[in-house]
Each structure stands twice: as structure tokens, then as C-alpha cells.
Amino acid sequence: MLSRNVLAPLPPWFSRWLGYRRVPPPKRPDYIIWFWTFIGAFCCIALLQAVFGQAQYFIGRGVPPLVASYGASAVLIYGVIEAPLAQPRSLFGGHFFGALVGVIITKLFQLLPTEERFNELAWLAASLSCATATVVMQVTQTVHPPAGATALLPATSQEIRDIGWYYLPVVLLSSALAFAVALINNNIQRRWPLFWIAPPKPAPPPSAVVESVVASQQAESEDTKEKGLSSENGKSLTDSNGTPPV
């Protein structure tokens, strides 16, 4: 996670666009949330289609105008921005690992002797891709549900299969564009991201704090009693030996 110590010295006009607030923003009315959700999702999908659907660089390489799984990502990163699954680590990591796993497994299935045989087993490639990508996301703590579809596409979409390994930079760029829109849109009247790498550790509940204080006070009291008893025992031994106490 980007530490508060890292973002705090930055000028407030800049750090707010990275999700930092000295004081958490108030809860917004539902209609405000709905409005910015609509604006964010619209701008994100429009930007992705403009970049991949209009730029000759991507058209010449056969890149589809939109990786469909980013429609589901838009729901998360603009509609439920407080969810752990909607934070940058999950957005970038989930889609990247999903694409990587999907391409690898599909490439292995393409080693089958004929295209017809591949089509017969495409269901197996898709199933393995989704299942494996889900576990990889769990292991790397980058779970992002839309990335399950990102893993499926190399096995189920001819367009994605044709671009092969080029699918990986396309996914990374798509995530970066969606991320840039989210930084602007979600920090106008809301706050995003809540964390960058790892969620902050939750503060202990008040009851736990009270119990800890009481336990420490009891321990101090017992130590004081033990010291008092030790002192009295020493004096008693001195008196019994006929030596006047000091």
C-alpha cells in the first residue's frame, strides 16, 4: 500500500487524485454515486473503443475494439469503488494473470494436430483457463471477477486467439486507461483507491483495547504485590535473626 507518509507531504491538490485524504470524505447521497458511476463507466468504455477501434496501429494488428471483460470491470471500479476487488492491485493483476493463463493454455491446445480437433476441445481449454486463472489470482491476492472472462477469451474468441501474445500488452493498456479514468472520475466527489497494494490493517475493536488495558493494569498490580511480599519476608527474616531492621 502507498503509505500515508508517502502521500501526506504531497500538495493536497495533487494527492487527492491519488486517493489520499487527511479526513475521509462524507458519505454521498445515492444520486451522486449513481451519477459518477454513469459518467465513469461511459467514459471508460468510450475511451477504450476510441483507442483500439480508431488507432491504425491497433487496427493493423487486428486488435478488437474492446476486450469485453472490461465492461464488467467498469461496474466494479466505478460503481462499487470501496470493494477490495475494485482496487488497482486487483484491476491490473487480475486482468494480466487472467490473460497470461488464458494465452498459455490456449497455445498448448493449439498444438493439437488439426483446427477441428481444437474446436472440439475449446470447451476444455476455456474451463481450464478460467479455473486456473482464478486460483492464480487467489495465490497472488489479485482477485478481480471480470478477469475470469479475460482468461476465457483466448479459447473462445477467434479475434483474441489471432493476436496471440499481443493480448497481454493490450490488456495492460486497457487496465491503464480504465485506471486513469477512475483516478479522475472517482476522486471528484468520492475517494479511490482506498489502497494501492494491500489493505490497511483494521484498528482493534474498542472492547479489545479495554481488555488489553485492564490486563496490563492487573499485571502491574500483581507485580507490585509480589514486590511488597518479598520486602516483608526479608524484614521478617532479619528480625528473627536478632538483627534490628534497617
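Each residue, glycine too, has its Cβ placed from N, Cα and C.
Caution: TrEMBL annotation is automatic and unverified by curators.
It should be emphasised that the depicted structure is a prediction, and the values quoted were computed from it without experimental measurement.
What TrEMBL annotates here:
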- 230-246: compositional bias 'Polar residues' (COMPBIAS)
- 27-193: domain 'HPP transmembrane region' (DOMAIN)
- 203-246: region 'Disordered' (REGION)
- 31-51: transmembrane segment (TRANSMEM)
- 63-81: transmembrane segment (TRANSMEM)
- 93-109: transmembrane segment (TRANSMEM)
- 121-143: transmembrane segment (TRANSMEM)
- 163-184: transmembrane segment (TRANSMEM)
By Cβ distance under 8 Å, which residues at least 6 away from the ends of the transmembrane segment (63-81) in the same chain are close to it?
33, 36-37, 40-41, 44-45, 48-49, 52-53, 91, 95, 98, 144-150, 153, 157, 159-160, 163, 166, 170-171, 174, 178-179, 182, 185-186, 190-194
Do any residues of this chain, six or more beyond the ends of the transmembrane segment (93-109), have a C-beta under 8 angstroms from a C-beta of it, and if so which?
69, 73, 118, 121-122, 124-125, 128-129, 132-133, 136-137, 140-155, 161, 164-165, 167-168, 171-172, 174-175
